[in-house]
């Protein structure tokens, strides 16, 4: 009995090993459009796919970011300026992509553009603080996807949406975690709808990697700004010691983050080039060994764990 079980497990492992390594043919003829290529995951993925011979269409927010990327890549790579919060910018970029891909369609759409601030305790913020993050991370991603979808459908291609472990476990307030939960939900519904057209949708869920999103300096500046704008009543409830401890934790974030971004971009590349891409990719050991298991625990256990490890306001009961 045990021998048969071991044999079945071994056979399954062997089949899975070969299945995940099957690669799509004629990659050099396939176009991939990537948002957020000024820095971080976006610029690294663009360079990675360019080295592989794919035709990369890289969207950057600034001309400086676009120029720096062009200087590090081959003549195959093309850049366009895109602000995902502006409809007219998305329309212009979509027309630009159409002119490049022609009748082939767009093989890959990678929604990578994102921001993390303002974030912090919810009652330190105003409605526009939430809206600012949601406009980029969720609504912008949705509008880009809807605009590019006819091109992706024509190629029977791939949509790769960058979420986060914060799309599974909400550790802090503000628009970031909300937006990533939204990315997960939108991607799930999109995957089921597009399966009828041969289009595959993958979600990337990175742990903590050192990018602009996790920059200690940026997060500390954001936290201080939120503290300064909140009411005296809220500042009294939380207290100066809470703020100091909060900033101290944020200052240590750079050291906690993984500096090797290829752990994420390799997942993106697999989602674009594999014959059998996964539905979800947990990038980073912290994602695989902590945040993913944490997301499957009963809510009361997660709440208890976070209660005992989180900072307490000065006026906490």
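Placed from the backbone N, Cα and C atoms, the Cβ positions cover glycine too.
As annotated by Swiss-Prot, active site, proton acceptor applies to 176. The number of other CB atoms found within 10 A of the CB of residue 176 (active site, proton acceptor), across every protein chain shown, is 26.
If you take the C-beta of residue 57 (NAD(+) binding site) and look for same-chain residues 6 or more apart in sequence within under 8 angstroms, you find 31, 32, 33, 34, 77, 78, 79, 80, 96, 97, 100. In the three-state DSSP reading, residue 57 (NAD(+) binding site) counts as strand. Per Swiss-Prot, NAD(+) binding site is recorded for 33-57.
The transmembrane segment annotation in Swiss-Prot covers 289-309. If you look at the transmembrane segment (289-309), the same-chain residues 6 or more away from its ends with a CB under 8 A from one of its CBs are 165, 168-169, 171, 205, 207, 282.
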Other CB atoms within 10 A, centred on residue 41 (NAD(+) binding site): 28
Mapped DSSP class for residue 49 (NAD(+) binding site), helix or strand or coil: helix
